[in-house]
Amino acid sequence: MPAPLPPTELPTSERVVVLVSCGLSFLGSSLLVCTHALWPELRTRPRQLLLYLSLADLLSALSYFYGVLQDFDRTSWDCVLQGAVSTFANTSSFFWTMAIALYLYITIVRGSPTGTGLLCCFHAVSWGVPLGITVAAVALKKIGYDASNVSVGWCWVNLDAEDRVLWMLLTGKVWEILAYVILPVLYILIKKHINRAHAALSEYRPILSRAPAFQPRTSIADKKLILIPVIFIILRVWSTVRFILTLCNSPAVQNSVLVVLHGIGNTFQGGANCIMFVLCTRVVRTRLFSSICCCHYDELDWPLQRSNSYWQHPEPHKDKDVPGPERTKPLLSST
């Protein structure tokens, strides 16, 4: 590999943008964790997997925030620590993102039963593999200062490592590129399966009086199936572009627009998940806004019984976005 390019300078404005993105991702991941903790009735298996993804994104946002704030200019103990944490969290996020897609494929397309065995396998792979790679990278002194040519202020693979390309692949890029292929394929297969099911159901709709009521809910679910891989690729592709430009030793890797897009894409995954699975999911959004309103009412000494009655007797049939317990399906619970 040719000699590396000079360090990429990060103006204060670019650092501020990336720091804000880190903060929003941290808040979004925290909100996903809180909704899972507060409302047990929303703890479906897909949302349980989403919880683990949110924990990885939360840890990733924290480590990136520290790295961008410090804007390292050499390898130091905190540079190595930050690089190790972000490597583990970022790689784990890739694995959990693919685990969610695989789970939906198994349950919807294959119709196979899923138990604790599959979940344990997801844990072993999604936490174990990133941990093993990170420990090996730290032990072999591959984590360190990278001149921000393949990062945005934070530390990753040491610029002085002779086999740095190999370790860039192992500590993130190979899993990122793999996700570009696996996610669209799985979600396309899922959507095709759902479309076939809708077509089979359509001939019976004239005699099913309640069939139209399902259309808005399934339509929203279909849109999210499309958005999940699309949003992932839109966020992550800038990092891959800069990686390729680095391999080509191109000065375009230091383009300020590309650097900012890379910084936002790597740090905003938690915020994007929050938008899709909290703010754009009616049952969760309604619970969240109602909880905020109830807190406001409590401050005004409104009767507590009214809010308690609401929580104890929800009306799931009014929420077309998510079905009631008796109608819950793997796909719809993922919305």
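We number each residue from 1, going along the chain as drawn.
Backbone N, Cα and C atoms are what each Cβ position is placed from, and that goes for glycine too.
The structure displayed is predicted, hence computed values, not measured ones.
What TrEMBL records for 314-329 is compositional bias 'Basic and acidic residues'.
The domain 'G-protein coupled receptors family 2 profile 2' annotation in TrEMBL covers 14-281.
Taken from TrEMBL, the feature region 'Disordered' covers 314-335.
Marked as transmembrane segment by TrEMBL: 16-37 (among others). For the transmembrane segment (16-37), same-chain residues at least 6 beyond its ends with a Cβ under 8 Å from one of its own Cβ atoms are 43, 47-48, 50-51, 54-55, 57-58, 60-62, 64-65, 68-69, 152-153, 260, 263-264, 267-275, 277-278, 284, 287-288.
Using a Cβ-Cβ cut-off under 8 Å and counting only residues 6 or more beyond its ends in the same chain, the transmembrane segment (49-67) has close neighbours at 18-19, 22-23, 25-26, 28-30, 32-33, 36, 78-79, 82-83, 85-86, 88-90, 92-93, 96-97, 99-100, 103, 122-123, 126, 151, 153-155, 266-267, 269-270, 273, 277. The feature transmembrane segment is assigned by TrEMBL to 49-67 (among others).
The feature transmembrane segment is assigned by TrEMBL to 87-106 (among others). Long-range Cβ contacts of the transmembrane segment (87-106) within its own chain (Cβ-Cβ under 8 Å, at least 6 residues beyond either end) map to 45-46, 49-50, 52-53, 56-57, 59-60, 63, 112, 114, 118, 122, 125-127, 129-131, 133-134, 137, 143, 156, 171-172, 175-176, 178-179, 182-183, 186-187, 189-190, 228-229, 232, 266, 269, 330-331, 334.
Under the heading transmembrane segment, TrEMBL lists 118-140 (among others). For the transmembrane segment (118-140), the list of distant contacts is 45, 48-49, 52, 56, 80, 84, 87-89, 91-92, 95-96, 99, 103, 106, 157, 167, 170-171: same-chain residues at least six beyond its ends, Cβ to Cβ under 8 Å.
Among the features that TrEMBL reports, transmembrane segment is placed at 166-190 (among others).
Residues or ranges marked as transmembrane segment by TrEMBL: 225-245 (among others).
Taken from TrEMBL, the feature transmembrane segment applies to 257-280 (among others).
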Chain residues in Cβ proximity to the transmembrane segment (225-245) (below 8 Å; excluding those fewer than six residues from its ends, i.e. six or more beyond): 97, 101, 149-150, 168, 173, 176-177, 179-180, 183-184, 187, 190-191, 194, 252-253, 258-259, 261-262, 264-266, 268-269, 272, 276, 331
Rounded mean pLDDT for the residues that make up the domain 'G-protein coupled receptors family 2 profile 2' (14-281): 87
